[in-house]
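Report on the structure given below.
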Ligand code: PXP
């Protein structure tokens, strides 16, 4: 298949984490979002968690008002969040599982087990013209159910693959194959395919070579790099890695 450009969504949650560690207003996640866009981000992702541990309601409202690129509103599927998202009218929502005790979003959504909750939420977002993405493991049953529930987009959870690589675990090849096959299956079912979680320069380059993947959402690694080289340079280097990966998709 011909490969289309791949988008980079930058997640600014960790700027809010740093701000909240001290209280007060700094560093400002909206400033990071504006800078990220100037440096080449195609969109901004922020996760309004139930416990508001990083992004707050006012951050989400300001992001919607102040950024010039698409806002991806990451959220758990609760009545409260669905209401806030519908009122905020972001370009997209990414529906994720949420557990209070987790450090980050640890696993994918159980779309099969949660059909009854997800179906009406997806229908509301479809009706409102907000693109709903389901954050799932590259598991064929979950992908097939996402398509049946008429979600327009899935985001493949790359955490297991990235962790296995980082730990030099022999599972990493099998995990990568699951990502490859998952992307192909989702695309064949008419889903737009995104990916994210735990990506760095090397893994972003690798996954950008999959022509079905249209967007990567990256936060933690970029914010960590930003401490050393600045956010603009980190995003520039990430874009270059993604471009190198995408060029390989063209050669396949
Ligand atoms: N996509 C989703 C749905 C996420 O929950 C996260 C983590 O907040 C990311 C992407 C970004 O992951 P990371 O911060 O590891 O780059």
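Glycine is no exception: its Cβ is also placed from the backbone N, Cα and C atoms.
For reference, TrEMBL has these:
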ACT_SITE  47  active site, proton acceptor
ACT_SITE  74  active site, proton acceptor
ACT_SITE  197  active site, proton donor
BINDING   11, 22, 198, 219, 220  3-amino-2-oxopropyl phosphate binding site
BINDING   13, 14, 49, 54, 104  1-deoxy-D-xylulose 5-phosphate binding site
SITE      155  site 'Transition state stabilizer'
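Scoring each of the binding-site residues (198, 219) by how many neighbouring Cβ atoms lie within 10 Å, the top position goes to 219. The recorded positions in question are 13, 74, 155, and the one with the fewest Cβ neighbours inside 10 Å is 13. When the recorded positions 11, 22, 74, 155, 220 are compared by Cα distance to residue 47 (active site, proton acceptor), the shortest distance belongs to 74.
Listed recorded positions: 49, 197, 198, 219, 220. Those with a CB atom under 6 Å from ligand 1: 197, 198, 219, 220. Nearest in space to residue 197 (active site, proton donor), taking C-alpha to C-alpha distance over the binding-site residues 11, 14, 49, 219, is 219. Residues near residue 54 (1-deoxy-D-xylulose 5-phosphate binding site) in space but far in sequence (CB under 8 A, at least 6 apart, same chain), listed by position: 13, 14, 16, 17, 20, 47. In this entry, 11, 22, 198, 219, 220 make up the residues listed for 3-amino-2-oxopropyl phosphate, with the farthest two CA atoms of the set 26 Å from each other. Ranked by how many other Cβ atoms sit within 10 Å of their Cβ, the recorded positions 47, 49, 197, 220 place 220 at the bottom. Residue 219 (3-amino-2-oxopropyl phosphate binding site) sits 12 Å from residue 74 (active site, proton acceptor), taking the C-alpha atoms as the reference points. Under DSSP, residue 11 (3-amino-2-oxopropyl phosphate binding site) is assigned to a strand (E or B) in the three-state scheme. For the binding-site residues given as 14, 22, the lowest number of other CB atoms within 10 Å of the residue's CB is seen at 22.
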